[in-house]
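Peer 1: Handing you a structure now.
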Amino acid sequence: MSRLVLASFLLLAIFSMLVGGFGGFGGFGGLGGRGKCPSNEIFSRCDGRCQRFCPNVVPKPLCIKICAPGCVCRLGYLRNKKKVCVPRSKCG
């Protein structure tokens with residue numbers, strides 16, 4: 001049983017690195033360091049893979065809770081369909 005759990009964990013880790021590109025998913029949360037994030041975004045040492053999206057964005061991208069550096073929307077901003085951080089009021 002423990003071998004199955006270990007193998008599953010390793011496969012999940014490899015999959016998350018391949019999908020996430022070692023720092024983001026789907027074109028955001030890149031490897032850029034502090035000061036290199038796009039407008040309305042901040043660098044986070046541990047939240048780069050899991051993003052907050054506007055309610056009308058369906059389906060939501062996969063969020064794997066593995067600590068990864070990357071750019072995330074500032075407080076009060078959410079990602080729209082174009083993956084740009086916009087004020088919550090402009091989600092549409």
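In case you wondered, yes, glycine gets a Cβ from its N, Cα and C as well.
Keep in mind the model is a prediction, meaning the values are calculated, not measured.
Pasting the feature list from Swiss-Prot:
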- 1-21: signal peptide (SIGNAL)
- 37-91: domain 'TIL' (DOMAIN)
- Cys37-Cys71: disulfide bond (DISULFID)
- Cys46-Cys67: disulfide bond (DISULFID)
- Cys50-Cys63: disulfide bond (DISULFID)
- Cys54-Cys91: disulfide bond (DISULFID)
- Cys73-Cys85: disulfide bond (DISULFID)
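Provide an account of the burial state, proximal residues and distances for the features listed.
Peer 2: Averaged across the domain 'TIL' (37-91), pLDDT in this predicted model comes to 88.
For Cys37 (disulfide bond), the same-chain residues that are 6 or more apart in sequence and have a Cβ closer than 8 Å to its Cβ are Phe43, Cys71. The DSSP secondary structure for Cys37 (disulfide bond) is coil.
DSSP assigns Cys67 (disulfide bond) to coil in the three-state reduction, outside any helix or strand.
Secondary structure at Cys50 (disulfide bond), taken from DSSP and collapsed to helix, strand or coil, is coil. Sequence-distant contacts of Cys50 (disulfide bond), defined as residues of its own chain at least six apart whose C-beta falls under 8 angstroms from its C-beta, comprise Cys63, Ile64, Lys65.
Its own atom aside, the Cβ of Cys85 (disulfide bond) has 23 Cβ atoms within 10 angstroms in the protein chains shown.
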Peer 1: Do any of Cys46, Cys67, Cys73 (disulfide-bonded residues) have a CA within 10 A of Cys54 (disulfide bond), and if so which?
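Peer 2: Checking each Cα against Cys54 (disulfide bond), there are no hits.
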Peer 1: Pick from Cys73, Cys91: which of these disulfide-bonded residues has the biggest number of other Cβ atoms within 10 Å of its Cβ?
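Peer 2: That would be Cys73, with the highest Cβ count within 10 Å.
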Peer 1: Tell me, by DSSP, whether Cys85 (disulfide bond) is helix, strand or coil?
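Peer 2: In the DSSP reduction, Cys85 (disulfide bond) maps to strand.
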